[in-house]
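Novice: According to TrEMBL:
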- 1-12: compositional bias 'Polar residues' (COMPBIAS)
- 80-308: domain 'Ion transport' (DOMAIN)
- 425-689: domain 'Ion transport' (DOMAIN)
- 1-32: region 'Disordered' (REGION)
- 70-93: transmembrane segment (TRANSMEM)
- 152-173: transmembrane segment (TRANSMEM)
- 213-233: transmembrane segment (TRANSMEM)
- 282-305: transmembrane segment (TRANSMEM)
- 426-448: transmembrane segment (TRANSMEM)
- 460-479: transmembrane segment (TRANSMEM)
- 500-519: transmembrane segment (TRANSMEM)
- 574-598: transmembrane segment (TRANSMEM)
- 664-686: transmembrane segment (TRANSMEM)
Amino acid sequence: MVTGSGPVQSRSGAPAHQAAGSTPGQGHRPGAAARRDLCLDQAVVLIEDAIQYRSINHRMDARSLWLYRWYYSSSSQWILSFTIFLILALAFVETPSSLTRTSDVRYRPAPWEPPCGLTEGVEALCLLVFVADVSVKSYLIGWAQFRRNPWLLAYLVVLVASLLDWTVSLSLVCQEPLRVRRLLRPFFLMQNSSMMKKTLKCIRRSLPEMASVGLLLAVHLCLFTVFGMLLFTGEKDAGQDRERLTYFFNLPEALTTLLVLLTTANNPDVMIPVYSRNRAYAIFFIAFTLIGSLFLMNLMTAIIYNQFRGYLMMSLQTSLLRRRLGTRAAYEVLSSVTAEGEAHPKRLGVKPEDFLQVLQKVQLDSDHKQAITEKLHSRGDGLLSTDEFQKLFYEFDKRVIKEHPPRPEYQSPFLRSTQFLFGHHYFDYLGNLMALGNLVTICVFLVLDAHVLPKDRDDFVLGILNCIFILYYLLEMLLKVFSLGLQGYLSYSSNVFDGLLTIVLLVLEISTLAEYGFPHRGWKPATLGLLSLWDMTRLVNVLIVFRFLRIIPSMQLMSLVASTILDLIKNMRAFGGILVVIYYVFAIIGISLFQGVIVAPRNSSLASVNGSAPCGSFEQLEYWPNNFDDFAAALVTLWDVMIVNNWQVFLDAFRRYAGPWSEVYFVLWWLVSSVIWVNLFLALILENFLHKWDRRSHLQSFTQELEDTSEMTQELPFRDVLEEPTEEELVEKLSRHPHLQLCR
């Protein structure tokens, strides 16, 4: 433990407030006051860095601190995020435009194309924002740090390339055949997310192991391709001949057939011609599927999970180190203020009043500020030591839960008994039971009316039952408001969910009754207003089914699964961002390669009419909307291929329309999306769920102390796994700060 450190100084040996780049105006202010104000501002920024898990390796002079806080303000970050969204969204408007009702080549009208200079002008504004972004970042961290940061160097290169390509576009009046900068746009999304960078690092770390399994898969495919071509020669057997002509005609087709079989998309179609003649041929296909799909592909999943299982812990460990380093640096800065106030300081520490002054300036929600302030006041007087200062910021690791408002107090014994009865959790169970009953009635009528046309249905009974259930939902809501009070009722998110849907259901039911009258025999759907009776009933039933989700928090295992899903959604920005990047890049490449190759049947001799097309072909299945004629259609086509259901249809169609080389594109897309990204997503699910499941009993006891005042953030469930950084580690990292130097 450090017990005697002096003021924080810059690398030049001057105090930190006099670091390089400080404003000249500081010299005209009283020296002690100016130093104190600057140290307090430094502490504010360092604490904000700790809250947001940011690096503290940036300039610490007054002008830089002001610029730093402005750059990370919510408005500046919102502008940057909106700019990234805007430049990515340009692909939907740029030529070829996606602004049509359908992507079907048979019905797609000529789209509106923006005039030259419109989207280019918007893109120029976006690029200027990025130029300002990289300029501010490079200034704040300093040139020495900038040269060692590969992401910022790549940021600069991408900007230069984009500006050059933009200039070429204008000089050619937007008639250039290829816009390279469109392929570079996803980089702006990646460089702005530290989690995406870590995810890419994890993928890069997994590539050698994945390559080894990929090599085994390639050997497996090649061997069985040769075996298949030797087996299905078609010389003596009609089934063999049909198999050879359809699936094993030549080496590329045989290889493609077995690659598709690896995903089971064409099983058992590929086996039927020879299996119908001799059942022994099934051994070939079963052996191929067992080794390839069930062993090697699952081995790929295991390797990716093995590499990823420590990824979350490493990320949280890095975040914890940044938080502790930021708070420790703030302690050093504030302790230097204390030391400067005394001629011969006997003990190092932070004055509580200095800390409170800094806390008021920090961008932090009021609940956390209040919790930290109360914890500070609960201790005795005197200077804050290092441990005491760090423990104050343990409140950052918790999300403060606001206490529910007190229940209303009634004088009447009857009202108090009623309040107790309808405020009990058993009343919630009754509500769940009623919601289940409502759902069952809807399912029963869906089964009974499955073969009845909507115009012939009699919704008399279902209409009455829906009225009864909705009246119960209204009564339940009013009784809960009576028991908990309006503010207490609204303090529970489940009650807000129930209440909102109940009000919507009530409004729809009143509208239905006003338009069509009370349910009666022969209550037939008719359009008297905006919606027919059938449409109104369907909308009510959809909302009732949606309201049934209220039952999830009441079931422990289902609640665990649901909480895992919610955590995944909260932490999916990095993985969702990676998916956006690969979709964007492959869509732009697909448009460049395959735009216009899929044409309407009447316009091409290659496209057969539906009646003469082979069964299961692109034309017979009418997959015409799946093409690369615009960005939106390309995204949907890539999604359909990623699911790998019938993706052999796309391989066959684009091979016929564009050439055999098109298969390389789709195989690469399958490897990147279905093999790598989907398995990475599966690893994320397993990592989150297994940690929740394994530590569920531990956390139940661990959180008893916290349940009245706080709930866990992402780091707290793994606190027993994470290691607190040592004092030596923190001091060593602070000593290597590029813009501060600890004088001891």
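Any Cβ shown, glycine's included, is placed from N, Cα and C.
These figures come from a predicted structure and were not determined experimentally.
For each listed feature, how buried is it and what is near it?
Specialist: Beyond its flanks by at least six residues, the transmembrane segment (70-93) meets 48, 52, 54, 99, 114, 119, 122-123, 126-127, 129-130, 133, 136-137, 140, 182, 185-186, 188-189, 192, 363, 580, 584, 587-588, 630-632 of its own chain at Cβ-Cβ distances under 8 Å.
Tertiary neighbourhood of the transmembrane segment (152-173): same-chain residues 116-117, 120, 123-124, 127, 130-131, 134, 137-138, 141, 146, 179-181, 184-185, 187-188, 191, selected by CB-CB distance under 8 Å and a gap of 6+ residues from either end.
Tertiary neighbourhood of the transmembrane segment (664-686): same-chain residues 199, 202-203, 210, 214, 259, 263, 297, 300-301, 304-305, 308-309, 311-312, 564, 568, 571, 575, 578-579, 582, 586, 589-590, 593, 638, 641-642, 644, 647, 650-651, 654, selected by CB-CB distance under 8 Å and a gap of 6+ residues from either end.
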Novice: What else in the chain is close to the transmembrane segment (460-479), if you only count residues 6 or more beyond its ends and a Cβ gap under 8 Å?
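Specialist: For the transmembrane segment (460-479), the nonlocal Cβ contacts are 422, 427, 431, 434, 437-438, 441-442, 445, 489, 495, 498-499, 501-502, 505-506, 509, 512-513, 519-523, 537, 540-541, 544, 547.
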Novice: Within the same chain, where does the transmembrane segment (426-448) have neighbours whose Cβ lies under 8 angstroms from its own Cβ atoms, ignoring anything closer than 6 residues to its ends? I mean 6 or more beyond.
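Specialist: Distant Cβ neighbours of the transmembrane segment (426-448) are 461-462, 465-466, 469, 472-473, 476, 479-480, 498, 541, 544-545, 547-548, 550-551, 554.
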